[in-house]
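Per Swiss-Prot, these features apply:
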- 1-23: signal peptide (SIGNAL)
- C26-C37: disulfide bond (DISULFID)
- 33-155: domain 'C-type lectin' (DOMAIN)
- C54-C154: disulfide bond (DISULFID)
- Q119, D121, E127, N142, D143: Ca(2+) binding site (BINDING)
- C129-C146: disulfide bond (DISULFID)
- N134: N-linked glycosylation site (CARBOHYD)
Amino acid sequence: MGRFLLVTLSLLVVAFSLNGANSCCCPQDWLPRNGFCYKVFNHLKNWNDAEMYCRKFKPGCHLASLHSNADAVEFSEYITDYLTGQGHVWIGLRDTKKKYIWEWTDRSRTDFLPWRKDQPDHFNNEEFCVETVNFTGYLQWNDDSCTALRPFLCQCKY
């Protein structure tokens, strides 16, 4: 009996460690990916208010950062499933220096930038925050005015 219990517990530990945060720790309706949990919020907020909203969940939460095409595809499917309205969605990328130097709010590396054709353009010298675009299936990005009201995608470590 003792040996069976030990083997069972060991298998459970291995199973949970293989799954990591991808299934065990995210709240309901959040997407587990890469050790983080992601949620799209239907509240319309400007970029700064959206970032502050994400940070209020717990320390270390931010607007989402994306680092691969696989991330973009996964988030595209998730946003399409959970976004109740139409519209572009804020992510955590912006150009704070206004010199085409794009930075993530979580300070992760900027290694993936699937811009829409002719973007970014800083149109009218007003567009410094980044949204994922609905008419591209949320697979491409556009810079927009940080004051525009959008749904947004948060990422948290749980």
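From the backbone N, Cα and C atoms, a Cβ is placed for every residue, glycine too.
In sequence order, Y38, K39, F41, A50, Y53, C54, F57, C61, H62, L63, A64 make up the list of same-chain residues 6 or more apart from C154 (disulfide bond) whose Cβ falls under 8 Å from its Cβ. Rounded to a whole value, the Cα-Cα separation of N142 (Ca(2+) binding site) and C129 (disulfide bond) is 8 Å. Highlighted in sequence order, W115, R116, P120, H122, F123, V130, W141, D144 have their Cβ within 8 Å of the centre of the Cβ atoms of Q119, D121, E127, N142, D143, the residues recorded for Ca(2+), and are not part of that set.
Mapped onto DSSP helix, strand and coil, the domain 'C-type lectin' (33-155) counts 29 helix, 39 strand, 55 coil. For the disulfide-bonded residues given as C26, C37, C54, C129, the lowest number of other CB atoms within 10 Å of the residue's CB is seen at C26. C37 (disulfide bond) sits 31 Å from D121 (Ca(2+) binding site), counting Cα to Cα. Here C26 (disulfide bond) is positioned 30 angstrom away from D143 (Ca(2+) binding site), judged by their C-alpha atoms.
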